[in-house]
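Q: Shown below is the structure under consideration.
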Amino acid sequence: LLPPGVCNLLNPAAIYANNEISLGDVEIYGFDYDYTLAQYSNLLHSMIFNTARDILIEQFKYPEGLGKYDYIPGFAIRGLHYDVQKSLLMKIDAFHYVQLGTAYRGLKPVPDEEVIELYGGTQHIPLYQMSDFYGKGPSLKQFMDIFSLPEMTLLSSVIDYFITHGIEFDQVHLYKDISDAIRDVHVKGVMYKWIEKDMERYILHGDEIYAVLNRLVNHKKKLFLITNSPFSFVDKGMKHMVGKNWRDLFDMVIVQADKPNFFTDRRKPFRKLDDKGSLQWDKINQLEKGKIYKEGNLFDFLRLTGWRGSKVLYFGDHLYSDLADLMLRHGWRTGAIVPELETEIRIINTEQYMHSLTWQQALTGLLERMQMYQDAESKQVLLEWMKERQEIRSLTKNLFNPQFGSIFRTFHNPTYFSRRLVRFSDIYMASISCLLNYDVNFTFYPRRTPLQHEAPLWMDQLCTGCMKTPFLEEMVHIR
């Protein structure tokens, strides 16, 4: 069933384009820090979960029985929505439909019939309830941060405890308490201490980050960093990954920026920090290389640097607070860091996935063409095909995550997360280190995927992002 000559193996280290972009036109590279320059191991999620759980018990006086719950790696995926009033964690597609089989209350799935009944006889979530520009709606919250994986698991664990023990709870207070407990782990600096104490254990790809930054500087590119993390934490992490002179690579370093407000609010002026991280009081009239700045706003940043438009490319992991404003309001180029991409592509490359998907598509085509036959025997065959198609869809979903499937797709539609990824990023990749596979003047061309009313052009879809690309022989020396 596969067309001859199609190269099926995708490259987990490739960069994928939503929009045509030439790196030759980019003069200035900007970076977020957490989960962009610094990639963290999954051990961190267990620590965040355990600490926030203990805060709930000790400070918020939640039942001590919660202490028996441990972090469940792989329970949740990024991009899920949580309906606060209904205590439902679920995956929603780009058209605002809940994917049936992916709605959970606590740690248990909610039957499809109950989900449909809860939303007035439909799987559709109306626009006014959905997330706003930053993923927060009146009753639905979208979890877009990689740090939100332990938060979703804690939320589900606490609800599971209350339901199992028949304890009545207020949904709004529960959600706020867990959000506050997770926030405390970050705000009070507990997480920073763990990472600083054992960087080898928590930080990944350090040597490759140095290679990326050094290569860009050698090609006369300007670099800047805008992060919400404090200077002492960033300084220690960058020294670990890049070396003690890491600041020499950057033209601008801005910490505790308070994104996304940094991109939209003009009120906070920049403040300078000395080399020890202490605040200076003087008024900032220019942003100097080698200096550290705190807070500030993008409008002053643009005025003082003159860095505007498509000559700037900024990388971040959070689609809303890192990328959305920069692309839509300011015309910068944007690159999304999606660590999950590597695992998902490895699954897509498996024989089991390719066979399942190919047969699923074949069954769908048969159902579409043969539905005109309405005699009893034909109807029976159609029902059997529909059942088989549903079984294969469930099997394919489970290859990615048994509860929620892929972060990029519902059964066939893009997820809400996926649609935002396309909307807010020119390119996306698993890690900043993927840049090492491309020449600094490389042009990314998005694949021309056919619209529904267009014929598929198979040659147009061959080998883009496959194993043969981008590892061009002449670029091997870059690594």
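Here the Cβ of each residue, glycine as well, is placed from N, Cα and C on the backbone.
Note: TrEMBL annotation is automatic and uncurated.
Among the features that TrEMBL reports, active site, nucleophile is placed at Asp32. If you look up TrEMBL, you'll see Asp34 marked as active site, proton donor. According to TrEMBL, the Mg(2+) binding site annotation covers Asp32, Asp317. Sequence annotations record features per position, and here TrEMBL assigns GMP binding site to Asp34.
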Q: In angstrom units, rounded to an integer, how far apart are the Cα atoms of Asp317 (Mg(2+) binding site) and the residue listed as 'active site, nucleophile'?
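A: On Cα coordinates alone, these residues lie 8 Å apart.
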Q: Which ones in the same chain are close to the residue listed as 'active site, nucleophile', with CB under 8 Å and 6+ residues apart in sequence?
A: Leu225, Ile226, Thr227, Lys259, Tyr314, Phe315, Gly316, Asp317, His318, Asp322, Ile337
Q: Identify, in sequence order, the residues in the chain of the residue listed as 'active site, proton donor' that are 6 or more apart from it along the sequence and have a CB within less than 8 Å of its CB; answer 'none' if there are none.
A: Tyr40, Phe147, Thr227, Asn228, Ser229, Asp317
